[in-house]
């Protein structure tokens, strides 16, 4: 994994001395360089290609907006907005997503319809979790269709874009798109007896069901948000359902629910949507999931979230090993109108590139590791009269083989150093053990990372001097960290 | 010009009503969309191609840094740094440039040499001037060579990169690279009698010589910064010099100056530099200019600034028509060491893409305007029995021709509307006057902008209804705004 456990700080960074400047990026941010940028740019290129195939126009907005533009758009998450200091002049905030800036752009311009895309960093003062790919500065890739069109036609195209993006990234087999509809959800809450002013807070609580068990969510509803326990239980009955178009039929048999006009209208739209998804041949990629709520206040219709299927060996409740949704979005017909000029209906999706990056990077590393034949290459070098240290190379190899560490060395008595490096690098072997005559005499050797490229420190160039008995532990540590 | 006089707000944006949200981007920022993004991306692609040809590796750093990282790096300009609000946790500031983040990266990593480039937005709470392409959020494209190398070899390559970037943009004939050397400049200040603690403030004052006459700069030195008038006059004698390698010989004859070891060392380096510039065949692009000082504190050696030559019809002192430097940089050998770990010498350049964009966009518009045959196309349309309104079209054409406005209309008695549109758009004509029977009877007509693409308002689609007598003024206004 390239995202560093110390939040972007290279591994050798030491905690700063008292009074010294902390040499690191701010919490939850990271530097991007080298192979990471190449992989990231590949992801951007694939996503942009799909966006362009669907007629998208790029838009680039400022990194900060007037603070009042962001006010009342994000519900409970507003506390995560980064504010700029009041240094005189306008009050500004870093953008929290790319959707509200789009709405601001639409409200101020004369544009009535467009397909716009934007790939840019957004900012959230959230608790960073590097392992889950959750940072405070992260990329979003957004595509939104703006304008009045016939029901569910743009919505289904957005879902098609989602499938095509993950097809382009070779991830289509690993994803499911969860669908729900705000009208159905809000209608069911009303049917269950949730008071009008509690609809949004209860919706927020339901949104946590992908991370927390029902008992915990129920507790939040009842104890924190003051909902009747019976009402909560009724919600619990509804949100356990998920599946395909057959769920529409199931709900249609629920006369109590169908008496609510929102539920009825939402189901009609879902039914139409499933017709279009069939035409696009992507029905197998979606799951109609009544527990999907989406935290944001501004959604008004269809909502969706792309999740990765857990690998079979992952524990479902191992929070750190899970990566949340990797794309999400929905229909928001009233957001532009919040700026007071006119209503323009919109539907869109946002891809979380940092999480996608984390998945693809891990996969790359695993493939690379599986493809190579060995993890350690033992080399020897010396000056005039150098005897090749063959016995020493054999002894070290035996030591590593015993531990199950895949190890190779040259089958020549007196191999030349450049040839040994070439053999190791041709086979993409990540570690070299380098034996020199003087060091061998002292029971020492050097352990060097290969393939670091330019700009190495002296220690990285020459390898780290170790006592022979520390080698196994160091190699295992490296392999564990780079598994 | 696409950069809007109202700082990014589309032209039709009205001032907000009391209590309403201001629908605009923050002061000094703008949205990028459509043809502007395409031109900008072309500029990025050209610059990146040059950077890659010289072995550059991309680096992407967070948009904000820990505030203490930026402290004491920018001299008088530190007041322009955007601070994030203290919301608990670390204090952060938006990056002011890409150089200090690079230095932070180098100080925390084990990298001892690299050629890195970064293309990203930076933030300065400066007084925005749209006409001069000076914004509060703007792009920089930086290339820096990091590491110990022989004197002036990386420095001359950076100047070569500057020339190649402007060659790739078709601007090589319009630029001059001003050069100076901090050792020479500081040495001459000492020779002139500037006290040690006033060297940097006096250097800052000299830096304003490209914008202000000597009398004003002298006034700042004497009245604001308390320099002896005689010392200021001596500086005045030095900074008036500029030219090619012959200036080195001129200074070598100044025994008083040459007695200063900084001046002597600086001249030796400049002489070596001119040898290398000759080898790269770019001597004609540079001017050794003793009045160049560069505001930033961190430069230690060669400094440079790329300026555009004024077009022959521009007034030299018309502040608004001038665009400042379009690229700048220098050698900064002590910046990485300010972070306390170790010294790593660096030399780099930063290209101001927004200013380059403004120049190229204006040029594009002018070329487009010069290439097209007419500015107005007069069209007629009507229902059954429509007579073609030929006499009316002729009368309107005559009205515009009299004013010298290039005008065309169809040579058919009863032209079809789509054919008229096609004729206008094929010839890239920006304005259509549309005559309808009912409107003509009332002495009215419609003026429509062509080529707006998708997403137009109803008024933009149909054209704006005008009284016939207002047409000339409206057309002239459009042509003046889009000249």
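From the backbone N, Cα and C atoms, a Cβ is placed for every residue, glycine too.
All annotation found in TrEMBL is predicted automatically rather than curated by experts.
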Candidate sharing the L-histidine site with B:97, B:98, B:99, B:140, B:144, B:294, B:298, B:299 (per TrEMBL), from B:79, B:124, B:252: B:124
Residues flagged as region 'Disordered' in TrEMBL, choosing from B:1-20, B:21-40: B:1-20
Local backbone state of residue B:140 (L-histidine binding site), from DSSP in three classes: strand
Coarse DSSP state, helix versus strand versus coil, of residue B:299 (L-histidine binding site): coil
Secondary structure of residue B:294 (L-histidine binding site) (DSSP, helix/strand/coil): coil
Per-residue Cβ crowding (10 Å cut-off), top of binding-site residues B:99, B:140: B:99
For L-histidine, whose listed binding residues are B:97, B:98, B:99, B:124, B:140, B:144, B:294, B:298, B:299, the greatest C-alpha pairwise distance in Å: 21
Nonlocal neighbours by CB distance (under 8 Å) for residue B:294 (L-histidine binding site), same chain, sequence gap 6 or more: B:180, B:207, B:303, B:305, B:328, B:330
Spatial neighbours, same chain, of residue B:299 (L-histidine binding site) - Cβ under 8 Å, 6+ residues apart: B:182, B:330, B:331, B:332
Stretch-averaged pLDDT - the domain 'Aminoacyl-transfer RNA synthetases class-II family profile' (B:28-360): 89
